[in-house]
Amino acid sequence: MPMTGFYETISPRDQQRPPIWFLRQVGRYIPQYQELKRNRSLKDFFLDTESIVEATLLGPSLLGVDAAIVFADILSILEGFSVDYRFAPGPEVSYSPHEPLIFTKDPQETFSFLLEAIQQLTKRLTVPLIAFAASPFTLASYLIEGGASRDYPKTIAFLYQYPDRFKALLDEITLGTATYLQMQVQAGAAAIQLFESSSLRLPPHLFAKYVVAPNTKLIRQIKQTGNPPISLFCRCFYQEFLSLYAIGADTLHPDYHVELPEVYRQIHSPGSIQGNFDPALLLLPQDALIAHLEAYLAPLKQQSHYIFNLGHGILPQTPIENVQAVVSCLTSISTS
């Protein structure tokens, strides 16, 4: 059963409303972000301390959210694995999955740009800072596919043809990811968000093997150092979501395929849940958006340890005014 540490870490004090933050809350939809990035390459931007700091600060300053999330990419960890990658503009990865994936022996040096950014952010922020990384299956899918994919054909074929090597790859990713996140917490991050965004492709009989088991192992390893609160975002359907209750996360964050009212009806003590408003609704005219938001929130108002977020990241074409309107609406709605 999920605990409540993540909720308590980011919950606004003395306010009877759910905590608020967004997946991909800083990105191309924000004009100030576009100005920060200008003509620089995305990879250079992700590897620059000052850029990470200034971009991360945009979330709380422009949106009024209750948490900041480190501005990085799920491929940033590949710096520690010495795997070549770039954005052209989408992610492209050069790696053979038959090769052992070995994490750097000096992660403090390899990720000094990131750790310095976190240290600076903790001094400047008035809200908690969240570190994040891809979960093992999702990062493995990027490595095998050579980038983003819709149907993950290479990944599915590889795990069937080379099951032992695929399991070893997940173990290698788990080991490096645990170190990557532990040192961010040691640098000052208050909580961790894991992203299992490729998991919707897996049929049920593979979900337990390649999502539940690796995430359980990863969370256990992370919590050996400092026991930081952890939330897991996972793209899945209802039955697969229920199986995530065994992994040891503090908060579970389903995508928009899971109906939260159904979760609360079926599970007596569901713990802390985060999500899962459809980001496509942020494209609607504001009056329609707010109507959908209020309908979405109505069955959740009496639920404890609920965190408002999206069922996926904010879309690039989203008007920033709509995101701000959502925050304004939420801060005015009592959950008492």
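Cβ atoms are placed via backbone N, Cα and C, with glycine included.
What Swiss-Prot records for Arg24, Gln25, Val26, Gly27, Arg28, Asp73, Tyr142, Ser197, His312 is substrate binding site, and it gives sequence analysis as the kind of evidence. A C-beta separation below 8 Å, combined with a sequence spacing of at least six in one chain, links Tyr142 (substrate binding site) to Ile74, Leu75, Pro91, Val93, Ala134, Ala148, Ser198. In the three-state DSSP classification, Tyr142 (substrate binding site) falls within a helix.
The DSSP secondary structure for Asp73 (site 'Transition state stabilizer') is coil. Every protein chain shown contributes to the tally, and the Cβ of Asp73 (site 'Transition state stabilizer') ends up with 17 other Cβ atoms within 10 Å. As annotated by Swiss-Prot, site 'Transition state stabilizer' applies to Asp73, with the evidence given as sequence analysis.
The most crowded of the binding-site residues listed here (Arg24, Arg28) is Arg24, judged by how many other CB atoms sit within 10 Å of its own CB. Sequence-distant contacts of Val26 (substrate binding site), defined as residues of its own chain at least six apart whose C-beta falls under 8 angstroms from its C-beta, comprise Tyr33, Ala55, Thr56, Leu58, Gly59, Ile69, Phe71.
In this structure the alpha carbons, written CA, of Arg28 (substrate binding site) and Asp73 (site 'Transition state stabilizer') are 14 Å apart. Our reading of the substrate binding annotation (Arg24, Gln25, Val26, Gly27, Arg28, Asp73, Tyr142, Ser197, His312) yields a largest Cα to Cα distance of 22 angstrom. Listed in sequence order, Leu23, Ser197, Arg235, Asp255, Tyr256, Asp278, Pro279 are the same-chain residues six or more apart from His312 (substrate binding site) with CB atoms under 8 A from its CB.
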